[in-house]
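Here's the structure, in structure tokens; my notes come after.
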Amino acid sequence: MPKLRSATSTEGRNMAGARALWRATGVKDNDFGKPIIAIANSFTQFVPGHVHLKDMGSLVASAIEEAGGIAKEFNTIAVDDGIAMGHGGMLYSLPSRELIADSVEYMVNAHCADALVCISNCDKITPGMLMAALRLNIPVVFVSGGPMEAGKTKLSDKLIKLDLVDAMVAGADSNVSDEDSAKIERSACPTCGSCSGMFTANSMNCLTEALGLSLPGNGSMLATHADRRELFLEAGRRVMALAKRYYHQDDESALPRNIANFKAFENAMTLDIAMGGSSNTVLHLLAAAQEADVDFTMADIDRMSRLVPHLCKVAPSTPKYHMEDVHRAGGVMGILGELDRAGLLHTDVFHVAADNDGTPGSGTLKSVLAQYDVMQTQDEKVKHFFMAGPAGIPTTKAFSQDCRWPSLDNDRQEGCIRSREFAFSQEGGLAVLSGNVAENGCIVKTAGVDESNLTFVGSARVYESQDDAVAGILGGEVVAGDVVVIRYEGPKGGPGMQEMLYPTSYLKSRGLGKACALITDGRFSGGTSGLSIGHVSPEAAAGGTIALIENGDRIEIDIPKRSIKLAVSDVELNARREKMHSLGPMAWKPIGRQRYVSLALKAYAMLATSADKGAVRDRSKLED
């Protein structure tokens, strides 16, 4: 029977000092011997997805203590990618993922916690905590802050839904009046919560449901809705149940590595492809798989992208649907239910929402779907749960409203979530491309690509940084038919693998959204749409071919064939590579780029791998 990890610091005379310190935190004599449950919160006043999390730890703690545990909360950092966008702050976003993972590991291991609840929400926080949870492999439950309500405003006597990207595009479009731009800006982000579309934050919070590590509704229930309160309380109860199963019953199915196994990662990626999730999720799933010692790679993603249909189309891929609409249609469980009926899901994997009593099928995703898939459940409480909707009242307070949709969206032919027969497309919303530009692959969010752009041939317009590309786009250098190439923005070359939301938004604002393509060894915001190809691997700084592209080179993109090709002969490419090598210390570095890189970022860059490895640390450099 496993011994409580916390016994290391609470048992024996030699731990008298540690017990004295535990007492100073409020632990009583009769508490010693109870499991200590760490609560990793990410409250901050910098991020709308996190401004309402201050009291969430107390909610979780109350449920833990009622169930017989000791709850101890700590905080991690949280970077807002939208606020950090378009300037040097974005260099810190992806590296913060590793910092968050390390900080959770440090706190949990330093204090010998027995189990963990992760209160996350936005872009790098959920992935960072996920990496830590799989690294630690102690009982864990994830509960996020939830998505914000979609913005709404009236323009030309028409009510339209909005999000952050609409504000950015309007602000850069000279054809939009100052008055209309201001209306959009003030209406785009009306409440607390993660941005309202299927951007990175919401994509990752949905994927934790598919991985089996969070409760149904975690990815889709609005931050403002009163029903979300129960998710925090249930997270506390569930983590205690998992801890008891592991420490009292020696049930290893309660551990995250036995829940988030290879099949669960396939489920998560299947969901991601079906819902057209952010391309960043590929980066984060690959990183999490490495922490879990799961052999899940770009090759698996490529294979699955050819099999999984696109069942759910959400902003930024369409202005019609946001996360509040996904929830009304049954949330993640609704999408998983359709995937199951299409024969594309592993339902025999364990899930934290299911009790494992030892009987066949218990504790698995199959039993969770039977209860929470709105197309098969007979539970009226579940149907009521998924009818939770927006109030349309600007607020930064959680649980501030209890509005309901008049009905569920069960229309699987023309609704927000479709059955396989009526899919938005029979190929999913993400694809892996490869070719001489990206020998180890690159990613495109096909959900956001217009059908007319599935194949594209154009001339390279090369920039050594995102800043130069933005200046070139706004300055009129980029014209229809160009393939904008932004390089030296990968994990090592940036460093930090910046998001390219401004270049793609500015292309749209200049009417070039469908007339140009963009490829980069950087990445894209979850809010990006259009022919935007990122994660080119190897990156320029690691000797990738993207560093050898010259202005005017012909680039051929064929998404149906999963191909991206630089139409330059091997002889010429080899000559360019030799010329690059001849530069010595200046080889594989951006020409003329002026950028301050701090010591912290330089330390990150020294160990960073390319995107096809999840941009995690190169373990070979850390081995004894």
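Here the Cβ of each residue, glycine as well, is placed from N, Cα and C on the backbone.
According to Swiss-Prot, the protein carries these features:
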type     : residues                      : note
BINDING  : Asp81, Asp123, Lys124, Glu499 : Mg(2+) binding site
BINDING  : Cys122, Cys195                : [2Fe-2S] cluster binding site
MOD_RES  : Lys124                        : N6-carboxylysine
ACT_SITE : Ser525                        : active site, proton acceptor
Mg(2+) site, defined by Asp81, Asp123, Lys124, Glu499: further same-chain residues with Cβ within 8 Å of the Cβ centre:
Val79, Ala84, Met90, Ser93, Leu94, Cys122, Thr200, Ala201, Asn280, Ser525
Just to verify: the residue among Asp81, Asp123, Glu499 with the fewest other Cβ atoms within 10 Å, which of the binding-site residues is it?
Asp81
Round to a whole number and give the Cα-to-Cα distance in Å for the pair Asp123 (Mg(2+) binding site) and the residue listed as 'active site, proton acceptor'.
9
Can you tell me the three-state DSSP label for Cys122 ([2Fe-2S] cluster binding site)?
coil
Collapsed DSSP category at Cys195 ([2Fe-2S] cluster binding site):
coil
Using C-alpha atoms only, work out the spacing between Ser525 (active site, proton acceptor) and Asp81 (Mg(2+) binding site) and round it to an integer in Å.
8
Reduced to three states, what secondary structure does DSSP give Glu499 (Mg(2+) binding site)?
strand
Site of maximum Cβ density within 10 Å, from binding-site residues Cys122, Cys195:
Cys195
Of the binding-site residues listed here (Asp81, Lys124, Glu499), which is spatially closest to Cys195 ([2Fe-2S] cluster binding site) when Cα positions are compared?
Asp81
How long is the line from the C-alpha of Glu499 (Mg(2+) binding site) to the C-alpha of Cys122 ([2Fe-2S] cluster binding site), rounded to the nearest angstrom?
15
Between Asp81 (Mg(2+) binding site) and Cys122 ([2Fe-2S] cluster binding site): CA-CA distance (Å):
9
Around the C-beta of Ser525 (active site, proton acceptor), how many further C-beta atoms are within 10 angstroms, looking at every protein chain?
30
